[in-house]
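Residues annotated as transmembrane segment in TrEMBL: 59-78, 90-110, 130-157, 177-196, 208-228, 324-343, 363-381, 402-421, 454-475, 487-510, 530-553.
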Amino acid sequence: MESERELLSVEENPRKGGLRTMPFIIVNESFERIASFGLQANLIIYLMTYYNVSAATGTIIIGLWGALSNGLALFGAITADFYLGRYRAVAYGSISTLIGMIILWLTSMIPQLKSLPCSQFQHACNGPTLLQLAVLFSSFGFMSVGAGFVRPCSIIFGADQLENRKNKRILESYFNWYYASSGISTILAVTLIVYIQDLYGWKVGLGVPTILMFLSVLMFQIGSPLYIKLKAKTTENLVIGLFQAAVAAFRKRNTRLPLTDCDEFYRWPLESDVLPPSKDFRCLNRACIIEDPQRDLNPDGSASNPWNLCSVEQVESLKALIKALPMWSTCFMIFVDMNIFSFSLLQTKTMDRHIFPHFEVPAASFSVFMITALTIWIAFYDRVLVPLLSKFTRQPRGLSPVTRMGIGLISSGMAIALSAITESIRRQRAIEEGLEEDPNALVNMSAMWFVPQYVLLGVAEATHGVGQVEFFYALFPKSMSSIASSIDIVGTAVSSLMGSILVSGVDWLSSTGGKTSWLSNNINKGHIDYFFWLLSFLSFLNFLYFLVVCRFYESGNDGSSRLSHMAEDKECDYRLLPES
């Protein structure tokens with residue numbers, strides 16, 4: 001009833017929403033993306049220059065920042081849906097990001113907020129003070145909170161403005177334009193903003209993204225009178241419902257499971273279809289068993305204690321999430337491969353980056369090759385390969401989501417192996433040219449050697465990312481579509497955390513006994529190639545794990561699961577067993 005009243009209020013006020021709001025929303029997201037990604041692309045150089053941190057420490061800091069930003073996206077989506085509403089979430093998030101950028105900009109202008117520069121006579125540089133780190137990390141914290149609110153809510157808030165229009169093609173066009181603007185914004189961030197940072201220094205290089213973020217906030221607020229602002233739904237919280245189902249199943253773990261009687265299972269609302277719970281994870285079915293109708297139900301038929309009795313729908317939603325976890329865990333390694341970008345940046349800085357005699361590509365701009373490859377591959381696959389492959393596979397999308405995810409994992413592993421080979425060649429040339437003691441000297445080798453690895457990473461992200469989203473959308477019920485869209489973001493957060501732990505561990509282990517760390521600031525003395533070979537080996541193991549997980553899912557592109565989970569009445573066996 002609440003959603004019906006919202007729709008009626010929108011129809012009664014045709015001056016709200018519509019295409020007139022799109023410039024404000026898309027410009028807000030575009031400027032936010034240019035500002036955020038423009039900072040991240042070159043940030044490792046800023047940390048090493050102004051805070052005298054090592055390459056490994058800088059990579060760990062960036063990884064933890066990425067983990068926090070992506071992890072807060074799920075929190076932001078839930079808060080927007082059930083407490084703040086999407087308009088206030090985007091507004092507050094944009095302001096929080098702006099505050100964080102202003103603080104970071106100040107660190108480049110106020111000498112007391114950054115470490116003293118190293119001199120050539122110092123054996124050990126002065127590290128940052130606690131106050132300097134506190135200011136730096138506070139800027140990252142504000143930007144993480146902002147990203148957690150803006151990124152999951154902005155696109156849905158735009159859809160709210162168009163969802164009730166009769167022409168559904170307008171909504172489809174909006175999504176196309178939104179993603180197109182996101183791609184263009186990312187390209188501008190890693191080219192134009194990075195070029196400004198390299199050419200004019202950090203005061204201007206951090207000031208331009210800050211000004212763009214201010215314009216982003218301003219544009220969004222200017223359009224405020226035109227927006228449809230749907231209120232947050234405070235009655236039903238899907239995430240809390242999942243916890244309630246788990247708690248109820250644990251509390252009633254000694255309850256005997258019925259065989260076939262559907263009347264013993266609770267459903268809400270009462271008008272929902274009378275369907276028994278599935279046989280997967282049968283131990284969870286206890287959560288929706290009505291033991292005593294007078295005690296368990298209110299007069300209107302609702303559960304008297306939702307932490308002791310849950311609906312069949314809640315239980316099935318929890319089962320769907322559990323089924324998705326094995327396949328979801330296979331995505332961590334591919335994002336670890338993509339997040340170890342800082343070391344590629346250090347490599348390309350020591351190589352010839354000229355495309356034309358008088359034009360040098362900034363080192364941080366090489367990721368544009370990955371973005372370009374991703375865009376071209378998606379268009380090529382959708383327009384050329386899908387019609388051809390569908391004739392042979394008899395599947396409307398050409399290849400199943402699981403197959404595309406596997407191709408992405410293979411491409412990612414190949415990219416990292418190619419990076420290891422290229423780094424071995426670059427390091428050997430640096431030593432032969434007598435540059436082992438000078439990590440900033442240019443090696444007589446073109447940086448275009450690194451283009452193939454970026455192309456492979458772009459193809460990997462395009463095939464794996466799109467396949468994963470389609471897989472989860474098919475596996476989850478419609479009520480969990482928001483979880484399906486955010487599970488990829490949470491996976492990126494876990495991967496960032498794993499990458500930071502991996503870098504920290506490798507840096508510590510490889511430097512024991514006074515040896516030079518693989519991840520040394522002097523990459524000519526270190527062995528980044530060994531680190532890349534380690535990532536390649538882990539990617540290979542992850543692919544084998546992926547093949548094992550695939551045995552528990554159907555190979556069709558519908559994403560349906562054939563996981564069979566069996567449980568006795570008194571215990572729950574969570575081992576994944578194929579159906580007989």
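Cβ coordinates are placed from backbone N, Cα and C, and glycine is handled just like the others.
In TrEMBL, annotation is done automatically, which means it is predicted and not curated.
Highlighted: of the candidate stretches 59-78, 90-110, 177-196, 363-381, 454-475, 90-110 has the greatest count of Cβ pairs under 8 Å to the transmembrane segment (130-157). Taking pairs at least six residues apart, the transmembrane segment (454-475) and the transmembrane segment (530-553) share fewer than three Cβ pairs below 8 Å and do not count as touching. Remark: the transmembrane segment (177-196) makes no contact with the transmembrane segment (402-421), by the rule of 3 or more CB pairs under 8 A.
Listed as Cβ neighbours of the transmembrane segment (59-78) (distance under 8 Å, sequence separation of 6 or more from its ends, same chain) are residues 40, 43-44, 47, 53, 89, 93, 140-141, 143-145, 147-153, 237, 239, 339-340, 342-343, 482, 486, 489-490, 492-494, 496-497, 499-500, 503-504, 519. Against the transmembrane segment (324-343), the recorded stretches 208-228, 363-381, 402-421 differ in Cβ pairs under 8 Å, and the greatest number is found for 402-421. Distant neighbours of the transmembrane segment (402-421): 327, 330-331, 333-334, 337-338, 344, 450, 452-454, 456-457, 459-468, 471, 529-530, 532-533, 535-536, 539-540, 542-543, 546-547, 550, 553, 555, 557, 559; these residues of the same chain sit at least 6 beyond its ends, with a Cβ under 8 Å from one of its Cβ atoms.
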